[in-house]
Amino acid sequence: MNVTAKYELIGLMAYPIRHSLSPEMQNKALEKAGLPFTYMAFEVDNDSFPAAIEGLKALKMRGTGVSMPNKQLACEYVDELTPAAKLVGAINTIVNDDGYLRGYNTDGTGHIRAIKESGFDIKGKTMVLLGAGGASTAIGAQGAIEGLKEIKLFNRRDEFFDKALAFAQRVNENTDCVVTVTDLADQQAFAEALASADILTNGTKVGMKPLENESLVHDISLLHPGLLVTECVYNPHMTKLLQQAQQAGCKTIDGYGMLLWQGAEQFTLWTGKDFPLEYVKQVMGFGA
């Protein structure tokens, strides 16, 4: 890639950041499409996020991706949110139009697209959703919009629990999907939810390095062959949860699917051009 003074900058703001495949994926796509943009990762936490946004404006960056732990905080620093982003209460994409910042959430659309591309119809189905952070709630919101009948959200009683309750209220008031929130410590309720679920989705960082030997499913017998198990974590590619699911005979979707489809939508939002999907799948090894 021959970067010139005509190139515009796109960023990714997260902490930690060095594990991310997004810079490699987006830069390969930008180079293939012949577009004058370059994509760079920046270590930005909640404390430094406000200053980073001011920097984005000052440098006239085209936009930025937003990842943990900034997805919910970022909503406070944009001028406009899409209806889906309002429902989620978190964003993963900011587009800068001459200083006017628009916030989007492509995590949900990306993950649901990955599920649909696998041939699974979510309409009328029940999802057990692990976690209440930005990615998890985005998946839940998009699933509700696209026809899930019920979402059983499980989260620890941490700083996200009240946010989970608020999220459930927004979805229940604005869609036909019924969302309940339960403490993950209630293992009996978790077991009962899995027994009747069609989809289990991990929206937490459990399974991601350095937690690669952990899973929120402590008893593999809770997983049944009729269950579709999906991951947001892609590093490592094969998480402990996915290993458990395959041992139990479940169909699985790894975190590459969400990474690919959410990134494709981001690419188009920033550039106005189509994402070179098949090329990126090949060079990144996502189809392997």
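Glycine too: its Cβ is placed from the backbone N, Cα and C atoms.
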Per Swiss-Prot, member of K116, K205, K273, K281 binding NAD(+) alongside A132, G133, G134, A135, N155, R156, R157, D158, C232, V233, Y234, N235, G255: K205
Integer Cα-Cα distance in angstrom, N155 (NAD(+) binding site) to K71 (substrate binding site): 17
Close in space, distant in sequence - N235 (NAD(+) binding site), Cβ under 8 Å, 6 or more apart: H19, L21, M208, K209, G255
Mapped DSSP class for N155 (NAD(+) binding site), helix or strand or coil: strand
From binding-site residues A132, G134, K205, V233, the one whose Cα lies nearest K71 (substrate binding site): G134
Among K71, K205, the most crowded of the binding-site residues [Cβ within 10 Å]: K71
Structural state of G134 (NAD(+) binding site), classified by DSSP into three states: helix
